[in-house]
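According to TrEMBL, the FMN binding site annotation covers 80-85, 132-135, 167-176, 202. Residues or ranges marked as NADP(+) binding site by TrEMBL: 292, 528, 589, 590, 595, 596, 597, 598, 599, 632. Per TrEMBL, the feature FAD binding site maps to 448, 449, 450, 451, 466, 467, 468, 472, 482, 483, 484, 485, 670. Positions annotated as domain 'Flavodoxin-like' by TrEMBL: 74-218. What TrEMBL records for 273-514 is domain 'FAD-binding FR-type'.
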């Protein structure tokens, strides 16, 4: 963008000086171009026609006009970071058919949401919002503009029917903040709430929360519009299969996210649609013992123009385990190398294909589809028709219903038993779905985010990751392997010249070192939560070398055993000796009778900590497990404020809330 801006500025400057109409140089250039064009016209090679290239349509940014044109009366907007809210929106749009209504799912980023007040121009219409909350109570990237619009607008939404389903996780402090705000704000602006806000909790069972909400939502809509269920089964295909028998393989996607051949010819800028292939230049095991595998990975980003700061996240696109992919092909008796496209039956849809097409089943199952996680109930419901055993068919339908026994069956047979799609196919022998329908239903394989464990001041062309490999045995005696961590673990660095690469991009975060190097920092990061702090500490060392006065740098780390999984022990002890780390506090949880965690060490140093926080403007950083650790650390800080600072519990909670608002208490946590 900057380049094009500068160019247009130069052009504008040039245009202001009057020139003779055609200089001799212009005439020369003109002749040259004309000659080249004529040459090209007569001597060009006839290239093969490229399949499915449509004339570029002008993007319709008015969802109202689009709804009128395509005869829809329900629009389902989604704020989605990992694809779940988008999936739910698609399911709701599809459900509308059962009630004689027509729905469409829409990405708020692609439309002008300030037209919401015009929705009442469409009879019996409503807008549904499936809104996920991301990070520290923030809207997802694709809903940011809509969120900003809601905050700033005073439009009158009277006569606009709406409902909201929020996707959140109770382990996080700002549970479902975006869904709650959307629901509250649309009502304040005069919109009519057709049904109560749904609050999905991914910590327990998001799928069940969604089904229960949906089960009550539709009757409320029917009552409002005076319609009844048509009894029409909603198992309607959204995409049709096209098999390409004789296609030039140069036109077939092999795992790219956006542009065809973007992995062969890489062009910046790199982002989620255009990841950079970073070479793996380091891969070592960090722990000295125990049955886990903790690893340090280094990615080379030379020539990518990618910049990062300590505290940012690196996103990587993993590939699925070939054994599972082949297992699905064998179980369904399919040639996985068949080249196919899945084409949307709805001509008007912005989503032409569920994943990049044309491609092969093998590529789709390897790069584009999530085959490792437990399938959601809609997948079971839609596939049930392909089970020839009536009992198996009934159970699949039951698991997708809102009945208590159906929910319990899904919970025990799918979730608790951790059955992925291959396990389900193996354990339901009569189930034989067409593979193209299966590919249509499976969710997209998502990028995985890791906290960057390096400092760009010290390693401008390298990004480090610290992660634990996920592998364990499930209740059905199968081995569950985390997709990304096992894939990364196998990216061994060899000296035979064969370079292994990782498709990646960087996502900015709010997790930042203080602007003033002299501010003290208190870092709390047990386990792989140490990652961003390795970047922070190296950056503090660099600041010291630059002659800047670095404030106190204090780390609280925790692991199981000192001689097993004390990550980066050598480096940390060296930083302590060099005076870069003012204090290194380590909790070894299992090296003694009773467990000791980071929060116990915080309480031991309560006077020093309170002085740093209350009098010396210290910044606090917490990274790692959200479920227990982040909460326990919170509680420890409340107790310190009460015991040393003499605050009441309510005052203490308020005190740390204010620190968060000021950006002096930052969290980078996951569950």
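Quick reminder: no glycine exception, Cβ is built from N, Cα and C everywhere.
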Closest of 80, 169, 172, 292, 597 to residue 466 (FAD binding site), Cα positions, binding-site residues only
292
On the 0 to 100 pLDDT scale, where does the domain 'Flavodoxin-like' (74-218) sit on average?
95
When the Cα-Cα distance from residue 175 (FMN binding site) is computed for each of the binding-site residues 448, 482, 484, 589, 670, which gives the smallest value?
670
Treating G and I as helix alongside H, and B as strand alongside E, what does DSSP give for the domain 'Flavodoxin-like' (74-218) in helix, strand and coil?
65 helix, 35 strand, 45 coil
The record names 292, 528, 589, 590, 595, 596, 597, 598, 599, 632 as the residues that bind NADP(+); what is their largest Cα to Cα distance in Å?
24
Using only C-alpha positions, which one of 292, 482, 589, 595, 599 is spatially nearest residue 132 (FMN binding site)? These are the binding-site residues in the record.
482
Return only the integer: C-alpha distance in Å from residue 482 (FAD binding site) to residue 292 (NADP(+) binding site).
13
Give me the largest Cα to Cα distance among 448, 449, 450, 451, 466, 467, 468, 472, 482, 483, 484, 485, 670, the residues the record lists as binding FAD, in Å as a whole number.
23
Lowest local Cβ density among 83, 135, 482, which the record lists as binding-site residues, within 10 Å
83
Nearest to residue 589 (NADP(+) binding site) in three-dimensional space, by Cα, is which of the binding-site residues 448, 468, 484?
468
Subset of binding-site residues (135, 172, 292, 599) lying within 10 A of residue 670 (FAD binding site), CA to CA, in sequence order
135, 172
Counting across all protein chains, other CB atoms within 10 angstroms of the CB of residue 448 (FAD binding site) number 21
Which residue among the binding-site residues 292, 595 has the fewest other Cβ atoms within 10 Å of its Cβ, if you could check?
595
